[in-house]
Amino acid sequence: MSTFCSVIKFENLQELKRLCHWGPIIALGVIAICSTMAMIDSVLWYWPLHTTGGSVNFIMLINWTVMILYNYFNAMFIGPGFVPLGWKPENSQDSMYLQYCKVCQAYKAPRSHHCRKCNRCVMKMDHHCPWINNCCGYQNHASFTLFLLLAPLGCIHAAFIFVMTMYTQLYNRMKIILRNKTSIESWIEEKAKDRIQYYQLDEVFVFPYDMGSRWKNFKQVFTWSGVPEGDGLEWPIREGCHQYSLTIEQLKQKADKRVRSVRYKVIENYSGACCPLNKGIKTFLTSPCTEEPRIRLQTGEFILATRGLRYWLYGDKILDDSFTEGVSRIRGWFPRNCVEKCPCDAEMDQGPEDEKKNR
């Protein structure tokens with residue numbers, strides 16, 4: 001508490017000018033970039049936030065950032081402590097053992113040295129650090145050392161998340177390439193299995209472009225010339241399939257989506273913000289990582305939801321005659337807690353299917 005009070009004293013507000021220096025600007029910029037990217041990557045990583053491990057991982061990241069910044073600003077603003085101007089020892093005879101500083105017009109206390117940058121005699125001076133634009137000494141030695149300790153530990157944690165994120169993305173990418181698929185086609189195949197199981201149909205969906213050999217699938221993407229095989233319009237297919245097997249399945253899924261869509265009524269306004277703070281911390285932290293738009297909602301409007309996540313839904317706004325003729329449809333993501341099922345749809349067995357596409 002005493003540390004906090006010493007920071008907010010009026011005379012210490014002058015210390016804010018220490019931020020206007022290349023050292024703190026670079027240091028704080030690196031901390032901000034590394035912390036932000038690590039938090040974003042931890043959300044994209046395979047460790048979901050709603051699990052215990054994912055929550056602990058995310059809390060640790062925030063903890064590193066808070067502790068690093070706390071000790072950094074302590075070291076910068078509290079400072080090392082300066083020998084009072086005009087200081088001299090209580091026993092005048094002891095002055096014969098001390099050096100005299102002409103700039104500060106005072107004797108240099110034991111272990112103190114004059115800093116040309118700060119233009120003051122610093123108590124227990126260690127060195128002048130450009131990264132905090134201040135000296136390291138008596139009062140901030142511990143904070144400065146803790147900052148040097150915590151910063152590498154936080155970087156190691158962030159680097160681990162970066163590596164695992166890239167590994168996860170690379171692994172998923174190579175897995176679909178070796179099956180001659182794209183991420184969208186993998187999603188279509190999953191929905192095909194879901195559709196067949198939901199309606200208990202006596203049919204099997206076979207992905208038509210899997211050549212049956214990982215090496216052949218690999219060569220569809222990677223060639224010695226660097227030019228992909230084919231013309232991009234027609235593709236080699238496996239036996240028993242034809243060029244339009246996949247597109248036929250897509251048409252079936254679109255028809256099925258219209259049947260299984262659920263009507264919702266808006267009960268709370270939503271501004272369309274990407275990460276709304278006023279809709280709950282879980283909604284804020286689990287905002288869909290996609291470039292698909294969010295749609296603005298007003299109380300009383302109706303939405304036809306087609307898919308969703310745990311705290312978000314995706315759907316089309318049901319338009320009325322008040323909209324202009326040029327607007328054909330408005331669709332996007334919106335928080336679940338802003339809507340409720342219409343009475344006629346609340347009796348249905350199943351809501352919109354969970355989002356399975358890995359974006």
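The backbone N, Cα and C atoms fix where each Cβ goes, and this holds for glycine too.
Helix, strand and coil residue tallies for the domain 'SH3' (259-344), in that order: 15 helix, 30 strand, 41 coil [DSSP]. Here TrEMBL flags 259-344 as domain 'SH3'.
What TrEMBL lists as transmembrane segment is 25-47 (among others). Counting same-chain residues at least six beyond the ends of the transmembrane segment (25-47), those with a Cβ under 8 angstroms from any Cβ of the stretch are 19, 53-54, 57-58, 61-62, 64-65, 68-69, 72, 131-132, 151, 154-155, 157-158, 161-162, 164-165, 168, 285-286, 289.
The transmembrane segment feature in TrEMBL is assigned to 54-73 (among others). Among residues of the same chain six or more beyond the transmembrane segment (54-73), those with a C-beta under 8 A of the stretch's C-beta atoms are 7, 27-28, 31, 35, 38-39, 42-43, 45, 47-48, 132, 143-144, 146-147, 150-151, 153-154, 157-158, 161, 285.
Within the chain, the transmembrane segment (147-171) has long-range Cβ neighbours (under 8 A, six or more residues past its boundaries) at 31, 34-35, 37-38, 41-42, 44-46, 57, 60-61, 64-65, 67-68, 71-72, 75. TrEMBL lists 147-171 (among others) with the feature transmembrane segment.
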If I take every residue in the domain 'SH3' (259-344) and average their pLDDT values, what number comes out?
85
